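**Student:** Pulled these from TrEMBL:
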type     : residues                       : note
BINDING  : Asn308, Glu337, Asp339, Glu386 : Ca(2+) 3 binding site
BINDING  : Ile645, Asp647, Asn671         : Ca(2+) 4 binding site
BINDING  : Asp700, Asp702                 : Ca(2+) 5 binding site
COMPBIAS : 452-473                        : compositional bias 'Acidic residues'
DOMAIN   : 20-127                         : domain 'PH'
DOMAIN   : 137-172                        : domain 'EF-hand'
DOMAIN   : 173-208                        : domain 'EF-hand'
DOMAIN   : 487-603                        : domain 'PI-PLC Y-box'
DOMAIN   : 599-731                        : domain 'C2'
CARBOHYD : Ser188                         : O-linked glycosylation site
Amino acid sequence: METNGIAKDTGMEGDGDLNFLLQGGDLLKVRSQSWKKTRYYKLQEDCKTIWHESKKTFWRKHTFSLDDISTVRLGRQSEGLKKNTEEQVEGRCFSIMFKGRRKNLDLIASSEEEARQWVNSLEKLLTSINNLSRQQKAEHWIYSCLRKADKNKDDKLSESELKDFLHLINVEVDDDYATELFTKCDKSKSGYLSGEEIEHFYELLTHREEIHVIYGEYAKTKGHMSPENLVEFLMKEQREKATLADAHSIIEKFEPDENAKRIKLLSKDGFIMYLHHPETMVLNPDHRDVYQDMSQPLSHYFISSSHNTYLMEDQLKGPSSTQAYIRALLKGCRCVELDCWDGSDDEPVIYHGYTLTSQILFKDVIKVIKEYAFKTSDYPVILSLENHCSVEQQEVMAKHMSTILGSALVTSPLGEGMPSGFPSPEELRGKFLIKGKRLNKLEAMFAPEAAAADDTDVTEEDESDEEEEEEEEKRETKKKLKMAKSLSDMVIYCKSVHFHGFEDARKNLSFYEMSSFKEGKAMALAEESANAYIRHNVEKLSRIYPAGSRTDSSNYSPVPLWNAGCQIVALNFQTNCSDMDVNQGKFMVNGKSGYILKPPYMRDVNTEFDPITLIRGEWLQHKTLHVMVISAQQLPKVNKKKSSIVDPLVRVEVLGVPADAAQKETNAVENNGFNPSWNENFQFDVYVPDLALVRFTVEDHDSTSDNEFIGQYTLPVNSAKMGYRHVPLLNKNGDLLPSAGLFVHIMLLDAK
């Protein structure tokens, strides 16, 4: 049985870094100042899991999957290592950070060289695995299940082991069928399967009848697809402009049979490989990279935004962590929040004030933001400051930002003289903007008299931010905020001000003066004054934040606020929920840049567009979305029911303007998570496709309680490819399920 397919497919077979991980070694695991214990870590032969054990209790063995790793950081970077280790071991430390809410694994190697070797080797392997195709990942998943089922590790499968394997891959079969399958493959009549018999069993298991039928319709040349047959399929079914040259290149790239390739034919295996390729899946490959105009003013974009970014869990007693900023930034978030309070030793801290949430140093957060801000996207990051600090510690904040962020921090308007509007994301690439209070108007920078007058007064009373005001009102205090001039002067394009109505904003506010709205107020405006809100958001920025009652860090739907043109719709990134899934789907396109250009009619101050009333205009492009849910492949078991097989159903949902909101679902397929089949057709009216998203959710049906979430995928309707498409699935953390997916047929046609 194959033991190291990943090594071969990643091209790392025999690689020194891979061999280092396979050999493994002792590392000191750090949990606290008093709990530091030696553990033996090594990569398992499957090249997918890390195995570790205690030497004293060698029978207690544990593994974790490489798929669960978010990033590996060299040095004392985590809160745990900073708190529980001394500075002299800096070079020997490293942390493995996981996806989701799992705690970091903090480790100390025996030397700095060994620590670097672990970090470099893990990063190299993670990069190689991420570059594998979906089909390769699916094959490795099946083979790893085969290995688990092979209890006595003799590279053979007995009939009982075969039944265990079917259970592992989420297929419930009765004993008679399992016996029939086993007998069909046991050509040698030996009572077990080995070698080619296992391969035959694998082929029977992975046979895709639905693709066999599609292929059969177009394979009109000696039972194969000729270039002409392939062009016909691409144009008729996939609605792609394809030429014979395109067909030749597809055959050259995907056909595994050299004989077929030589005579320019595509076999069924080549066809399946082609349909599994990322560029042929449901997301338009042209939209994976930045494809929109990035030279428009900042206010013309929806911006991926986080609320209380520092929190890992709830708003009352959960931990604050720099890791939460890393996760948000790696997901493409472009506006992060920093809740700043006076700390000890004249060092400001970040936490959720007046709660039991833990505290982290402001300077550590700025360092992490600098390190991770532009790994996923090059486009600007807005630091939204909730400032509760004394003037003295505000000056420390300003000093840290200036020192750490350096020239990347925008501290004066771009270009010459006083600007009349926002710069573009393109002009601000690699830059940081500060959102917060400012002592005076930006114009004062260009009026020496006003600036000189301001210089005489280093601090000035000013009203607090909206969120701060909400907290203050709860305690029935009406304190005003004193500001340090050094911090105030860093606020250039995002000055926080109170909102006193659209008319007041139009008459009295400059373009850079922006308001924050609590979700309830914003939702009311979006419903009752949608057109006025859209016009306001053409020239000014609006930030929306969750209600204070959401102490569990739950979220609200961002869709109605996007419909009203609000740019900075801040969500609790630490919470896994459908609203975050939708946010991830919205910002998955345009290179995951965190910026999505609004449609033209939401960038015009005289627009008549109203998502509620939908009067006639260029936004009305009535389409019919046809979706056929055909099948699914290799759905994982749900956590609460690891011992049982799933009964999957698929829900298809359209989100957008109220007239477009709709959802439909398939029947449940009993006891089959491996290759369930539905072949159910749905039809949706879509009136404003520019703002519409389509969401596929797979659940485990339960007649006695709520269905269990299995996976989902959300994308803009205008970014969906037509025809027969595979749909990848993401888990509740928003990470790819390596081998699971849906197979659908999609058409978006003009409504008759």
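Placement of Cβ uses the backbone N, Cα and C atoms for every residue, glycine included.
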**Student:** Whole-number answer please: how many Å between the C-alpha atoms of Asp339 (Ca(2+) 3 binding site) and Asp700 (Ca(2+) 5 binding site)?
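**Tutor:** Spelling it out, the Cα of Asp339 (Ca(2+) 3 binding site) and the Cα of Asp700 (Ca(2+) 5 binding site) are 39 Å apart.
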**Student:** Could you check which of the binding-site residues (Glu337, Glu386, Ile645, Asp647, Asn671) sits closest to Asp702 (Ca(2+) 5 binding site), going Cα to Cα?
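**Tutor:** Of all the candidates listed, Asp647 is nearest in space.
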**Student:** Counting by DSSP secondary structure, give me helix, strand and coil numbers for the domain 'PI-PLC Y-box' (487-603).
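**Tutor:** Computed counts for the domain 'PI-PLC Y-box' (487-603) are 49 helix, 20 strand, 48 coil.
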**Student:** I need the nearest neighbour of Glu386 (Ca(2+) 3 binding site) among the binding-site residues Ile645, Asp647, Asp700, using C-alpha distances.
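**Tutor:** Answer for the nearest of the binding-site residues: Asp700.
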**Student:** Just to verify a number: CA distance, Glu337 (Ca(2+) 3 binding site) to Asp700 (Ca(2+) 5 binding site), in angstrom, no decimals.
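**Tutor:** Glu337 (Ca(2+) 3 binding site) and Asp700 (Ca(2+) 5 binding site) have their Cα atoms 36 Å apart.
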**Student:** By CA-CA distance, flag whichever of Ser188, Asn308, Asp700 among the recorded positions is nearest to Asn671 (Ca(2+) 4 binding site).
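**Tutor:** Going through Ser188, Asn308, Asp700 one by one, the Cα closest to that of Asn671 (Ca(2+) 4 binding site) is Asp700.
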**Student:** Determine the Cβ neighbour count for Asn308 (Ca(2+) 3 binding site): the number of other Cβ atoms within 10 Å of its Cβ.
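**Tutor:** For Asn308 (Ca(2+) 3 binding site), the count of other Cβ atoms within 10 Å is 29.
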**Student:** Taking the Cβ of Ser188 (O-linked glycosylation site) as centre, how many other Cβ atoms lie within 10 Å?
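**Tutor:** Result for Ser188 (O-linked glycosylation site): 12 neighbouring Cβ atoms inside 10 Å.
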**Student:** On a C-alpha basis, identify the one among Ser188, Ile645, Asp647, Asp700 that is nearest to Asn308 (Ca(2+) 3 binding site); the candidates are the recorded positions.
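**Tutor:** Nearest by Cα distance to Asn308 (Ca(2+) 3 binding site): Asp700.
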**Student:** Within a 10 Å radius of its Cβ, which of these binding-site residues (Glu337, Asp339, Asp647, Asp700, Asp702) has the fewest neighbouring Cβ atoms?
**Tutor:** Asp702
**Student:** By a simple count, how many Cβ atoms lie within 10 Å of the Cβ of Glu386 (Ca(2+) 3 binding site), its own Cβ left out?
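**Tutor:** Other Cβ atoms within 10 Å of Glu386 (Ca(2+) 3 binding site): 25.
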